[in-house]
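Structure record follows, encoded as structure tokens.
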Amino acid sequence: MAPIPVWVDDDVSGNARDECVHVCIRVRPSSAPGSCVRVRHGQEIQLLGDGIALPGSPVHGESAPLVENEKHLFTFDSVLDEATTQEEVYERTCRSIIDKFFDGYNTSVLVYGQTGSGKTFTVTGAGRDRHPGIAYRAAQHVEQWLTRPDASQFETVVLVSLMEIYNDTLIDLLLESPTMAKDKDAAGKLRIREDPVLGVFVNGLTRVPVETSSDIVALIEKGSTRRHIAATSMNEFSSRSHSVLTITIHQRHLDDEEGFQAKRSELNIVDLAGSERQSATKATGHRLREGAKINASLSALGLVIKNLVEGSTHVPFRNSALTRLLQNSLGGNARTLLIACISPTASCVSESLSTLRFAARAKLIQNRPRVYADPKMARIAQLESELALARSQLEACRCRDDAPYRVAPAGDACCTIM
């Protein structure tokens, strides 16, 4: 009989608990005079119209006639103002959720916002030595976990992959010659698949084993140089694709011979390309088509979130490659953190409002985090337990009836009649 997949719910009693998507707002620094943003109490953000026409309160999806000097107040899990450092971003938003990744939970960190709002800086910073971002700090966090005092009690394998979604096509950024998924399809590789237990995954994606933070950082830097980036009037280094860094951990305890279950968990760090308005970016030709693809995928993401929040019977995850890849993270089994980046300048108030509305809606999504226990290892544990029981029963028979049996040592595969 094939091994039965095993899930371990968050509640040890076996009753899974739903959990909302965690949402953080980060306000990027700005050299422009005037700000349309006020941060209060570390959890509230107020958007000020400052003479610009804005719609009514977006929290419940209600609309109102356009008015001037309209004020909007949002509450999130955390709001980080312009003075927040890269280290504070990680410690206040990412560390606790990534600790759950080490416990065996799938975890996703999604970074969202308009172009030029500081998303890629939040994810990578200016490199490993200059204001390192979430990805670099997560690499250090993984190494700290691998070298913890009880690490020798576990057999652990860590794998890293890095890809981008460019024009709704998957590109493996760790190949020696990055290849588009459509080209690899002919060879039967790098396709989005769905497993009833593992969920959505990319078949054929390069996954590199790593042992240290330096190994992870080297792969991040290798892949980042291959990502599609171009200048627009709003952003000199505008990402033209969504990037997905995935760290996978396989771990099993060496000493738990009875009922042991190996664990498999994934951490996804997703740098979403920024939403764009052609009137602001001045993009034409190829850049304009790239922007249209970016906006289409973000619109598909917004529609998925809307349907999830409204409890729709059909959620259109298959409308784009991005939403298919995020299926486990939105309404699935992962613990998910959304960091929404906004600019405080008055000229960006419309895009900032759109971002806050998106984040407010995403906060209503309910996930059901669960630990995935490797079914093969669970089956091995079950067989070892049955073998131990059989040995004890044979020993009991020998002692009771003085039957001429010799119980084979643990390394033997049989018992013999004396």
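A Cβ is built for glycine as well, from the same backbone N, Cα and C atoms used for every other residue.
According to TrEMBL, the feature domain 'Kinesin motor' maps to 20-365. As annotated by TrEMBL, ATP binding site applies to Gly113, Gln114, Thr115, Gly116, Ser117, Gly118, Lys119, Thr120.
Within its own chain, Gly118 (ATP binding site) has Arg26, Arg28, Cys341, Ser343 as residues 6 or more apart in sequence whose C-beta sits under 8 angstroms from its own. Cβ neighbour count for Ser117 (ATP binding site) (all protein chains, 10 Å cutoff from its Cβ): 27.
Counting every protein chain shown, the Cβ of Thr120 (ATP binding site) has 25 other Cβ atoms within 10 Å.
Cβ contacts within 10 Å of Gly113 (ATP binding site), excluding its own Cβ and spanning all protein chains shown: 27.
Secondary structure at Gly113 (ATP binding site), as computed by DSSP, is strand. A simple way to gauge crowding: the CB of Gln114 (ATP binding site) has 24 other CB atoms within 10 angstroms, across all the protein chains here. Cβ neighbours within 10 Å of Gly116 (ATP binding site), excluding its own Cβ and spanning all shown chains: 24.
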